[in-house]
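**Student:** Below, the features straight out of Swiss-Prot:
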BINDING   GLY12, GLY13, SER14, GLY15, GLY16, GLY17, LYS18, THR19  ATP binding site
Amino acid sequence: MRKKPIIIGVTGGSGGGKTSVSRAILSNFPDQKITMIEHDSYYKDQSHLTFEERVKTNYDHPLAFDTNLMIEQLNELIEGRPVDIPVYDYTKHTRSDRTIRQDPQDVIIVEGILVLEDQRLRDLMDIKLFVDTDDDIRIIRRIKRDMEERDRSLDSIIEQYTEVVKPMYHQFIEPTKRYADIVIPEGVSNIVAIDLINTKVASILNEAK
């Protein structure tokens, strides 16, 4: 009988350090079959819209995501079957024609701002983490990331943050903190929290042997 993979949900606000926490877990288990799947990969296809319409999309709202597809593909991985994960093109604001083949793993980290918002997704998780970071730090990180990696202007980033990102955080993301098993202040720099999480994952892996 095939053992079920450990599924770890990692959430928090945009620019809050979710990816860094996820990578800290990944790097602690170099000999395990472990991967990270980003909720951002499942933004809905918008190829039927004009570019002008796409840029107005609220990417911090639950309806922006094809969470049904993510749940479907996670269940496939749980059953031991590979999946083709979509790739999102941030410069065109729609789904790319490419996909990435993902084979089943022993540990799957599910990372994204709204991965604890949907109960069906939460029910698949063994460990749920919320990375809790101050608003000021998150906006600075978001500006740096979006200008360097997504070719965004400073004005557009600030406008999106004040009109969409911040209000959506308080409406949809922050309330999911109550579902977390562990809340991590300071993100990846919280060594005690990271060590506790890695110890728990190692314990579950050992029990499954």
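Backbone N, Cα and C define each Cβ position, glycine as well.
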**Student:** What does DSSP say about GLY12 (ATP binding site): helix, strand or coil?
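**Tutor:** Going by the DSSP assignment, GLY12 (ATP binding site) falls within a strand, counted as strand.
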**Student:** Excluding GLY12, GLY13, SER14, GLY15, GLY16, GLY17, LYS18, THR19, which residues of the same chain place their Cβ within 8 Å of the centroid of the Cβ atoms of the recorded ATP site?
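**Tutor:** Near the ATP site, beyond GLY12, GLY13, SER14, GLY15, GLY16, GLY17, LYS18, THR19, sit ILE113, VAL131, THR133, ARG138, ARG141, GLY187.
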**Student:** So what sits near GLY12 (ATP binding site) in its own chain, CB-to-CB under 8 Å and at least six residues off in sequence?
**Tutor:** LYS18, ILE113, PHE130, VAL131, ASP132, THR133, ILE173, ILE184, GLY187
**Student:** Using other CB atoms within 10 angstroms as the count, which residue among the binding-site residues GLY13, GLY16, GLY17 scores least?
**Tutor:** GLY17
**Student:** Would you identify the secondary structure of LYS18 (ATP binding site) according to DSSP, in three states?
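**Tutor:** In three-state terms, LYS18 (ATP binding site) counts as helix.
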**Student:** What are the sequence-distant neighbours of THR19 (ATP binding site), meaning same chain, six or more residues apart, C-beta distance under 8 angstroms?
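**Tutor:** When sequence neighbours closer than 6 are ignored, THR19 (ATP binding site) has MET36, GLU111 within Cβ distance under 8 Å.
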**Student:** Around SER14 (ATP binding site), which residues of its chain at least 6 apart sit with Cβ under 8 Å of its Cβ?
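**Tutor:** Same-chain residues close to SER14 (ATP binding site) (Cβ under 8 Å, separated by 6 or more) are ASP60, ILE113, ARG138, ARG142, VAL165, TYR169.
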